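Features reported for this protein in Swiss-Prot:
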| type | residues | note |
| --- | --- | --- |
| BINDING | G38, P39, Q40, G41, S42, G43, K44, S45 | ATP binding site |
Amino acid sequence: MCDKSKTVLDYTIEFLDKYIPEWFETGNKCPLFIFFSGPQGSGKSFTSIQIYNHLMEKYGGEKSIGYASIDDFYLTHEDQLKLNEQFKNNKLLQGRGLPGTHDMKLLQEVLNTIFNNNEHPDQDTVVLPKYDKSQFKGEGDRCPTGQKIKLPVDIFILEGWFLGFNPILQGIENNDLLTGDMVDVNAKLFFYSDLLWRNPEIKSLGIVFTTDNINNVYGWRLQQEHELISKVGKGMTDEQVHAFVDRYMPSYKLYLNDFVRSESLGSIATLTLGIDSNRNVYSTKTRCIE
């Protein structure tokens, strides 16, 4: 039974407070990854930041903890314009958002630094990029400076809406939804899955947010954009937000249900939380793999 008095944050803290100490007890020196995945506006960014603060308060005196969103690795605005031209007939890759619109070289460089942090004693920090979604009238651009994190990194939190989505093997897996513009997106998704959640070198805990109606994303994303505009004075119009979310729906329809059923985001354990339109928890599942 789901305890309706508990919030998403309550369940997430309980989960991590169980598995993180167990991880440290193993004496493993490689970084522990914490993957957050959930639809846009579901609260994964808010929750992951709260978890970062919780872990900093609990372990920050003795452990190095990093936090990033997959959004922070978006292509620069200039490079996104080049991608727009390269895939000018693919509506899903026109603008940031989907697999294929991130700087994979930068992501790999950051991951390599985190993984090899014991091999370079002369390097004491890793720089995590930051992305400003309000630039260029909501099209966004990378910030000129990033965030420095002390090496070696003990815990690295990464959140993103498609983390854990597994690409379809064309010719082997039959899926009527894998057509048109989604063929390119699916092909690019392999790079992410191989580098992150399917990477056998990464030891991870997964937290998954799912919902009873994927159309909740429209309302959530509008709420987010209104909050952004109130803070910085610029952002997307409601019509732009709706069109923006439309580009994500083919991916949700193709990957989301299988991903949620698999409960496999974390290589060690995965917590899956079902939330309604008000972000109240209506179901919980925990799967321990290791």
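Glycine residues also receive a Cβ, built from the backbone N, Cα and C atoms like all the rest.
The model shown is predicted, which means the values in this text are computed figures rather than measured ones.
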Secondary structure of G41 (ATP binding site) (DSSP, helix/strand/coil): coil
Number of other Cβ atoms within 10 Å of the Cβ of G38 (ATP binding site) across all protein chains: 28
List of residues, in chain order, with Cβ under 8 A from that of P39 (ATP binding site) and at least 6 apart: W161, F209, T210, T211, I214, N216, V217, W220, Y252, L256
Intrachain C-beta neighbours of Q40 (ATP binding site), sequence separation six or more, cut-off 8 angstroms: W161, V217, W220, R221, Q224, V245, Y248
Which listed residue (S42, S45) has most other Cβ within 10 Å, given these are binding-site residues: S42
